[in-house]
């Protein structure tokens with residue numbers, strides 16, 4: 001496995017302060033390696049988007065980061081502790097090293113400015129030495145990269161279709177050739193044909209440019225196809241992490257298993273569609289022990305009392321990790 | 001006397017506080033009172049209403065009664081001093097409250113009923129009736145209301161409180177109608193309204209049971225806004241001497257103060273109390289509307305504590321774009337020396 | 001362009017409606033208002049004035065109401081607004097012509113300045129939400145609830161008076177002849193300072209509050225988060241992204257509330273005896289000079305319509321979405 005580019009260690013994100021704080025992300029450890037696609041899946045409210053916004057420090061009030069570390073490894077030079085950057089340094093860091101494609105393709109673009117203005121201002125902010133002509137040339141290249149005619153630079157966002165807007169956002173995300181692109185449900189608002197098209201294009205661009213992707217979605221079927229590794233989140237914690245193929249073939253956590261049985265397989269043997277009974281936990285009143293145990297078909301003695309730690313399930317599964325008492329190597333989270 | 005643009009218009013079409021009628025939404029409706037601004041405003045308005053009822057009874061003097069104490073500054077006998085005829089200003093204020101509240105509320109009710117009729121009908125029916133009603137309300141919106149009111153009331157000889165209230169109400173419904181039309185338009189496309197229509201419920205039943213309950217906040221805010229406007233207009237009319245000067249309201253007091261050169265004589269007590277009473281009433285009503293605004297649009301609610309102490313010991317204001325970092329766990333290795341950020345220039349050179 | 005044409009058509013329609021309302025108001029009065037006016041002026045009215053009054057109230061009832069309406073339009077097209085009977089036989093149009101520049105200068109400039117200043121402060125207050133500026137909001141609410149004319153009274157009591165720099169009434173030093181020279185203009189500016197400040201203080205707070213709320217609402221939009229994520233300088237995010245979008249509803253609100261604002265500011269003229277339309281209206285109302293009142297109402301309405309059209313053009317330039325769809 002290649003070297004890490006983004007390391008998240010024990011990251012905790014809260015909404016609110018003090019006693020009223022809701023713990024939306026708890027003790028998340030996650031490593032993104034150079035050039036890989038890491039999928040992050042879970043139901044809505046599992047904390048996956050909060051994690052993405054938290055590690056980039058873009059969470060609006062009352063969100064706060066209550067602990068942990070986010071380490072970014074540039075291609076050359078010493079590692080960067082993202083959470084301790086001053087606002088000015090954080091501003092320099094953003095987009096140049098990690099860019100984001102947001103959930104709402106419709107609302108990500110400023111409605112009153114032309115596409116060109118919005119592409120150029122980010123280049124100018126980070127590379128003030130460039131000439132306008134050079135920036136404009138770069139903007140044209142970027143649009144061509146995502147398959148949009150360069151004359152669209154003069155369009156306003158409302159003149160573009162949803163798919164085009166999202167492609168403009170992708171072009172913008174690649175403007176400074178970042179090492180990490182975070183994608184938060186980038187295709188959810190699009191129709192299936194457009195989804196395919198954009199994902200295909202994205203895979204191609206990644207081959208060519210070599211950036212790493214943190215791909216967040218509630219649609220596990222998409223990840224199985226598109227990502228190298230998958231992490232599953234539930235109740236603010238990572239419950240399972242594995243290479244995409246292995247996770248699909250043999251899920252270790254009952255929650256992953258439930259997710260996999262929520263969509264039909266495109267290829268291979270037919271599986272029964274069962275889904276997961278119940279609804280995601282209320283973050284203000286989390287169940288004791290493993291957060292999934294009230295919905296878990298296989299819950300047993302320790303599940304409602306002890307919280308299992310994310311760890312390797314056994315010796316025969318390298319590169320996998322799971323937080324479940326069904327797997328003997330699991331250890332309890334120290335209280 | 002400007003009307004602050006309500007954020008309601010911009011916010012509702014997208015989001016959820018009023019999207020679906022549910023038990024939770026109904027419960028939230030009561031939480032509105034718990035809003036500090038709204039509660040303060042409601043309490044103040046309740047105080048004014050009480051004054052409107054008991055004012056004439058508790059006034060120490062007849063407001064018209066003359067005495068020999070001409071133009072006296074505030075004293076124990078005359079809390080707010082006296083006029084050029086020796087009338088007690090405090091009594092005039094107390095007695096005047098009734099007229100002010102009566103006209104304000106009556107005009108508010110008239111205008112609100114009209115705006116609901118016009119706005120909801122236009123928004124729900126659409127088509128030609130929408131075009132006609134929208135044009136009508138836009139005309140009334142653009143024509144300067146106050147000069148129109150002044151002209152109409154001065155044409156009517158001896159306009160009493162009720163006439164003034166009606167004229168104000170009939171000329172100031174357009175703003176509410178406009179906002180309500182926009183809201184109705186967006187509500188009409190909601191799923192539960194479509195569903196009600198699909199099951200063949202009658203138009204009036206849908207408007208009465210599916211749409212109107214969800215417009216409560218907008219209607220209330222329109223009502224409060226109209227009351228503010230009506231109170232100001234009424235006082236203005238009295239101040240420039242159009243409505244009959246035989247009944248008392250705060251504008252009448254200011255009218256006499258102005259026409260008797262209270263300023264030149266240094267009789268500040270003659271016009272300061274009336275102005276403060278108006279301003280406080282206006283503030284109270286505006287506070288209620290802020291409460292409604294915040295209730296409808298959660299983004300406007302103040303986010304509790306605005307400042308936090310971060311891990312590096314600074315106190316920062318919570319804001320969009322820079323999530324504060326509160327602490328780092330003790331289990332981690334000690335923080336490394338502050339690393340160098342790769343600057344864009346260096347990166348450019350790599351290319 | 002279609003957008004502008006449609007607005008233009010609407011304003012023409014509104015103008016027609018205002019003129020028609022103006023025609024009908026005096027005809028709705030029960031009884032014989034002319035008789036009561038004659039007795040009020042006790043023989044001071046000439047026969048000509050009385051005749052014009054009967055025409056105004058539609059009481060020279062030889063013509064049908066339709067013929068009267070046509071005559072009314074004919075007169076308007078000749079710029080004839082009738083004769084004032086307090087200053088008989090001065091034409092109403094002349095009296096308004098004298099007063100209009102004062103109002104345009106005072107109310108026009110202060111309204112624009114108040115909108116610009118208030119919006120600017122609102123941007124600051126909304127962007128720095130939770131800062132000390134939030135503490136000032138109750139004070140601004142209070143100021144916006146104060147009647148304009150009352151604030152004028154207080155300003156006169158506190159600031160003007162014998163020996164003060166601020167004159168308490170009038171539009172220029174008595175004795176000066178209106179002309180475009182420095183002495184006269186200086187005097188006019190000096191006389192307008194206090195009324196202008198009064199209008200500014202009480203009208204600005206409304207814009208501060210609405211712009212602040214718009215900024216807070218817009219700050220939660222996705223494109224603001226994107227702008228932060230892009231690492232743009234704070235100023236650019238605040239101005240080009242947040243304020244630029246928050247401005248749109250505020251400009252629309254500005255256009256819509258012009259009618260309200262102008263009504264309120266006219267009253268300031270009354271308090272300061274400023275020689276504009278508001279003060280003229282005040283005197284007309286006191287004397288029941290109906291032709292003058294109606295003329296003023298028409299001119300105010302038309303000014304507001306023109307201002308509205310200008311605000312529409314501004315909105316058109318600000319919002320690319322209207323440009324396309326029309």
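Backbone N, Cα and C define each Cβ position, glycine as well.
Note that the coordinates shown come from a computational prediction; the quantities given were computed from them, not determined experimentally.
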Identify the transmembrane segment range according to TrEMBL, selecting from C:64-84, C:148-168.
C:148-168
When counting Cβ pairs under 8 Å to the transmembrane segment (C:188-209), the leader among C:9-29, C:102-127, C:148-168, C:251-272, C:292-318:
C:102-127
So which of C:9-29, C:102-127, C:251-272 has the most C-beta pairs under 8 Å when paired with the transmembrane segment (C:148-168)?
C:251-272
Using Cβ atoms and a strict cutoff of less than 8 Å, what residues sit near the transmembrane segment (C:292-318) while being 6 or more residues removed from its termini?
3-4, 7-8, 11, 14-15, 18-19, 22, 25-26, 81-82, 84, 86, 92-93, 95-96, 100, 104, 108, 247-248, 251-252, 254-255, 258-259, 262, 266, 277, 280-281, 284-285
Could you give the residue numbers and ranges of same-chain residues that sit at least 6 residues beyond the transmembrane segment (C:9-29) on either side and whose C-beta is under 8 angstroms from one of its C-beta atoms?
56-58, 65, 68-69, 72-73, 76, 290, 294, 297-298, 301-302, 305, 308-309
